[in-house]
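What TrEMBL annotates here:
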{"type": "COMPBIAS", "residues": "64-74", "note": "compositional bias 'Basic and acidic residues'"}
{"type": "COMPBIAS", "residues": "81-91", "note": "compositional bias 'Basic and acidic residues'"}
{"type": "DOMAIN", "residues": "5-64", "note": "domain 'CHORD'"}
{"type": "DOMAIN", "residues": "157-216", "note": "domain 'CHORD'"}
{"type": "REGION", "residues": "61-91", "note": "region 'Disordered'"}
Amino acid sequence: MSVLCYNKGCGQRFDPENNADDGCTYHPGVPVFHDALKGWSCCKRRTTDFSDFLSIVGCTKGPHNKEKPPEPVKPDVTSSGEKKDLDDQKPKFNEYIISAPKPQEAIRRPSADEPMVRLQHKVSTSLKQALEKLKLSENAAEKKEEDSDEIKIGTSCKNGGCTKSFDGPASDSDVCLYHSGFPIFHEGMKYWSCCKRKTSDFNTFLSQEGCTKGTHLWRKKDNLDHFSSSV
């Protein structure tokens, strides 16, 4: 009988009797959210899209884990209404929250009555060359991607909550279990808008099986915004 793996970034089912030492690809670190970028502390990849964050392939090999992480214990309240201050009642999940350092001195805002001064743009020659090379390499990579419709082996499904990867043309016929809604983080609770199975533990949230059946999404479509103006 297959059981669910609770290693972060895996979420696949496995047979406990046939659990290889390198059968699981997961993240041993913790999620890091900083300046709209999302990633894992154990690897360097960062993204601004939450679906892409969920589909980041693990960076470590190891055996699957069937042990479900414990839910954070709520603090007990005595008859007098006081909460017990116990270390073991703190949330078990550690999430990195990085804040910018506060300025030592407040910066004085110039008066609006002062005359405007045009700032001179100074770009060094080395920076210009580096920007040109970067632009050329990005354009070449984009053109190569546009010209090729081939999906690489190992590409993760972009549907939220799906942990499957592309293994070949046969993967297109597999049923995709995913979340059709969007993630909601509110007052310490984490859940998907489509099924609302709430949890306070981030690992449990990541391992929640999808509530919708459909086809895999190997390549994300670009969103095009159309604007119209009237004179």
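Even glycines carry a Cβ here, placed using N, Cα and C.
Under DSSP, the residues of the domain 'CHORD' (157-216) split into helix, strand and coil as follows: 10 helix, 16 strand, 34 coil. Helix, strand and coil counts from DSSP across the domain 'CHORD' (5-64) read 8 helix, 18 strand, 34 coil.
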